[in-house]
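Novice: Below are the structure tokens for one structure; questions will follow.
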């Protein structure tokens, strides 16, 4: 029997009512890692734009304390604790500058500047705010959602830790040691908590059953500030066991098609590969027919090549494309 939490508990982790309700439905969770996997799926695939904005609005501005009448006292308490380093490293001058930049940011993007502030100083946060202020709104919206997920993961860990402190000791279900590593904050959007050691060949007990294919994508049209509808997408895998694809080499054979689709009105592609529990480790290529989507653009097509290691075969890989007529960018999402 896993730990049982209610909607109020999950609302303290993320200010979206939809998120909290969906987490209750998905539970109970045997481990906090199970909860994190479910939370990522719910946050990125079930909570809509209004839910994201509701979650953003629950946060106080960096450098300010939460409202006394906050809908979740635990949320407010955790927010205060997460900003403790920032407040302890601030001066009257830096706090005033932070206040001014917070106002600029909200004026441009329409929501509070969101960053996983735990352990970060005021100068560090201020520098990040100034960098992100230069972003286009749709890109910044995606980054803010990623930062919210980082905060949610941190708070889910606290939730389970608090439950463990008050619950009687139980015998572990498995003797397998699962070591997790903290995400690298240098990458704004990058890494999530992943297992550092896993039992060879066997599915780790904390990995839930997949609810979507292990490789997915979506395309955002940053020039229009909306999802890109109708972009053809193809997923392939390198199957030549005698050689690896190398930079500068031209290959005709070796790439095997896994599937193709086109993005929908939300910019998300249909199923690009079979629903498998374990990915085959190897080199993959995902390609986008950007020339057909925008004949006047700079890119006739875009291909992204990436490698999945043996230790990553249980993970989910979301490879979004941020597209404008003369620039592209991508990152590994959740």
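Positions of Cβ are set from backbone N, Cα and C atoms, glycine also.
Got these off TrEMBL a minute ago, pasting:
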BINDING   218, 268, 331  substrate binding site
DOMAIN    10-156  domain 'Oxo-4-hydroxy-4-carboxy-5-ureidoimidazoline decarboxylase'
DOMAIN    215-333  domain 'Transthyretin/hydroxyisourate hydrolase'
REGION    63-83  region 'Disordered'
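On this model, are these features tucked inside or out on the surface, and what's nearby?
Specialist: Sequence-distant neighbours of residue 268 (substrate binding site) (same chain, 6+ apart, CB under 8 A from its CB) are 216, 217, 218, 227.
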Novice: When you measure from the Cβ of residue 218 (substrate binding site), how many other Cβ atoms are you left with inside 10 Å?
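Specialist: Result for residue 218 (substrate binding site): 22 other Cβ atoms within 10 Å.
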Novice: Over the domain 'Oxo-4-hydroxy-4-carboxy-5-ureidoimidazoline decarboxylase' (10-156), what is the model's mean pLDDT?
Specialist: 87
